[in-house]
Amino acid sequence: NLQESESENKLDGETASDSESRSEFGGSPSVPTSDDTPEVLNRALSNLSSRWKNWWVRGILTLAMITFFFIIIYLGPMVLMMIVMCVQIKCFHEIITIGYNVYHSYDLPWFRTLSWYFLLCVNYFFYGETVTDYFFTLVQREEPLRILSKYHRFISFTLYLTGFCMFVLSLVKKHYRLQFYMFGWTHVTLLIVVTQSHLIIHNLFEGMIWFIVPISCVICNDIMAYMFGFFFGRTPLIKLSPKKTWEGFIGGFFATVLFGLLLSYVMSGYRCFTCPVEFNNDTNSFTVDCEPSELFQLQEYNIPLVLQSVVGWKTVRMYPFQIHSIALSTFASLIGPFGGFFASGFKRAFKIKDFANTIPGHGGIMDRFDCQYLMATFVNVYIASFIRGPNPSKLIQQFLTLRPDQQLHIFNTLKAHLVDKGMLGSLEDA
């Protein structure tokens, strides 16, 4: 009877070693993550079926989140960076809490303290690298920042090494396996959450349009896939997410591509969205003002002959960025959802509905950002591969920090190179 009982209590796909580990960790996981719908919504929607009640709750909260998104965009890039940091911390907290509850880690010495300490160390490393890279002039001007920048990686490694030693010293005989489980859990969480958040900040520095358009495409795809699935969905898409349908998946794709084209057209006309975030030495402030690059200047394109008879036009004027937006929106529609499927598999593995109950009808913050992190990585790779080139201003900034003899050597080398190319002579003649 005991063996039958243990067999019935096993999770889907659980092996004998999993069962032994679960026994060591204190029993089957139980993570309370049910949604807390506000009482005012419960009363207002009490006469509706659960299906339509969920639809209205999700809709109202979605509009509220979109409104909040518009507000923080209006407040500027610095506020956006702070919001990204807050979201990162909340997502880390949600995942760590799941591990804490699933494995019943209540008796582990220093577990939570070390988890947050490692979060601090990794953020110090990544944001220190970002500040040094994008605000080199500011760093070199301030003595404390210059010292921190020079020894940044050594300081970061020392901080991490301190946490590593603290973890080793905290090991106790009866919890060895559990402690190493949670050590790995913490580091995988840092890899997923902190690294992707760092890439989001990098995208933002390239221009707010590289931040807003990808995020908006993921949001649009999530909404439209839900809408098409809700009204027309009949064919299940994937077992990990039983409510996802092919109708929602395909409808969300076309709606997102169209949305990306329209949003890109509107935003490409404003410098505040297209210019990179830079530090102005004269005003001691961050600016987003520049001469728009070719990506954000209207160009005339010939329409393929196959489509000319359909649309009735031979040419179309559009921003080059809109072509890139097709790639971004396509990824957000076809590959981005796999971030959500991954999160669904994670939740099913631990028998939980949501990462948390922060947002009624939507779950936790991580439930809303599971696709965003995958999208952020793609955008960063896309910019590095197809958009970003050498930055002359950064090279000049670094050149000016060299010793005079080093500057003279670079000058002579560059002069000889230009003479060989025949460019210096033509400049002198001019």
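Even glycines carry a Cβ here, placed using N, Cα and C.
Unlike curated records, TrEMBL annotations are generated automatically.
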*If TrEMBL is the reference, give me the range from 84-106, 245-267 marked as transmembrane segment.*
245-267
*What range among 45-67, 321-343 does TrEMBL describe as transmembrane segment?*
321-343
*From the ranges 179-201, 294-316, pick the one that TrEMBL records as transmembrane segment.*
179-201
*In the same chain, which residue numbers or ranges, 6 or more beyond the ends of the transmembrane segment (110-127), come under 8 angstroms Cβ to Cβ?*
85, 88-89, 92, 96, 100, 152-153, 155-156, 159-160, 163, 166-167, 170, 179, 182, 186-187, 190, 194-195, 198, 201
*Residues of the same chain, at least six outside the transmembrane segment (321-343), with any C-beta under 8 angstroms of its C-beta?*
209, 213-214, 217-218, 220-222, 225, 238, 240-241, 244, 249, 252-253, 256-257, 259-261, 263-265, 268, 274, 295-296, 355, 366-367, 370-375, 378-379, 382, 386-387
*Taking residues 6+ outside the transmembrane segment (207-233), which of them lie with a CB under 8 Å of any CB in it?*
55, 58, 62, 66, 69, 73, 77, 80, 200, 243-253, 255-256, 259-260, 263-264, 267-268, 272-277, 288, 321, 325, 328-329, 332-333, 336-337, 340, 371-372, 375-376, 378-379, 383
